[in-house]
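A quick write-up on the structure given underneath.
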Amino acid sequence: MQQTKLRRAMMFMPGNNPAMLQSAGIYGADTVIFDLEDAVAITEKDAARHLVHNAIKQLRYPCEVAVRINHIQTPFGLDDLRVVLPAKPDLIRLPKAETAEDIQEIDRIITKAEQEQGFPAGCIRMMAAIETAKGLMNAYQIATASPRMVALAIGGEDFIADLRTSRSKEGHELFVARSQLVLAARAAGLMVIDSVFTDANDEVTFIAETKMIKQLGFDGKSVINPRQIRIVQEIFTPTEKEILHAERVLAAYKEALERKSGVIALDGKMIDTPIVTRAERVLAYAAAVRR
Ligand SMILES: CC(=O)SCCNC(=O)CCNC(=O)[C@H](O)C(C)(C)COP(=O)(O)OP(=O)(O)OC[C@H]1O[C@@H](n2cnc3c(N)ncnc32)[C@H](O)[C@@H]1OP(=O)(O)O
Ligand SMILES: O=C([O-])CC(=O)C(=O)O
Ligand SMILES: [Mg+2]
């Protein structure tokens, strides 16, 4: 069985904050994202990319390390790549992705850097954040533009600005975009990550939003604060009840196959192949969490 990769909570931090870079690994995030884009003032861009380079090179992070570069059409994106790639981050996150060409250009730059540095080909992966209506219209092309692509994310704050509306607690304004993004990512065989929730003190709304995006099909959520990590991880981790049920489904299905039947009832409910697939996924996910 393929190993389940966990990207439940991907935590952003400003790339020019040495204290945060230093302690980034201690909070248990599945991925840390060192930001060079919107959390870093223009006057700090140069210092931030060098700080991020040194942090990745010198500190041992116990999790996946991603860098959110500036878009390559800005005056900063190419310099971000030039400075951070030799440090060998696990993942480059492109914000405000709008076309497949954006991804292909970064892919070429990464390929060259991997060759120059003697890194294994393909070791630096990519993900793209969709933050505009145009990006959403091109989401599948973006997702399939490079074999380095592992995930799509939605950048809800910018997306809402692009839609010319405002953020509601229920998130109605993002509903269609979130669902379309899940479809585009799944059609491309990628993971899909939800947007940040910017009020780290509003736990009630954060929990409701995280449960909702899990139900829509997301694999995880970008977060901005260590207090949000555990909440997301708990919601995405199968409960004992779910694990037990999955085990019973597999046992019932095995019994059905032994009787040369493809379908069986468990507690009055029909069990057949898609239900078995979902049960296997629950167990694989639970195993990945335990590892
Ligand atoms: C729309 C977008 O583009 S979102 C992506 C870009 N934004 C970001 O990267 C912002 C990331 N988050 C932050 O900077 C901060 O969490 C803020 C500004 C939102 C809140 O900061 P605070 O009020 O200081 O948070 P809080 O009091 O919970 O911090 C507690 C501890 O966690 C640390 N911490 C807080 N957020 C983070 C983080 N994202 N990463 C690492 N450490 C963090 C603080 O430094 C503090 O450490 P200390 O106890 O050793 O001093
Ligand atoms: O990508 C994210 O989750 C954060 C972000 O930039 C946005 O919401 O605009
Ligand atoms: Mg954004």
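Positions of Cβ are set from backbone N, Cα and C atoms, glycine also.
Taken from TrEMBL as is:
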BINDING   Arg68, Glu131  substrate binding site
BINDING   Glu131, Asp158  Mg(2+) binding site
DOMAIN    8-226  domain 'HpcH/HpaI aldolase/citrate lyase'
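What TrEMBL annotates, mapped onto the structure for a quick look.
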residue: Arg68; record: substrate binding site; DSSP class: strand
residue: Glu131; record: substrate binding site; DSSP class: coil
residue: Asp158; record: Mg(2+) binding site; DSSP class: helix
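Separating the Cα atoms of Glu131 (substrate binding site) and Asp158 (Mg(2+) binding site) is a whole-number distance of 5 Å. Taking CA atoms as the reference points, Asp158 (Mg(2+) binding site) and Arg68 (substrate binding site) are 15 Å apart. Taking the Cβ of Arg68 (substrate binding site) as reference, residues of its chain lying under 8 Å away and at least six apart in sequence are, in sequence order, Phe12, Ile33, Phe34, Asp35, Leu36, Glu37, Arg93, Leu94, Pro95, Ala129. Each of the binding-site residues Glu131, Asp158 was scored by how many other Cβ atoms lie within 10 Å of its Cβ, and the smallest score goes to Asp158. Model confidence over the domain 'HpcH/HpaI aldolase/citrate lyase' (8-226) is summarised by a mean pLDDT of 98.
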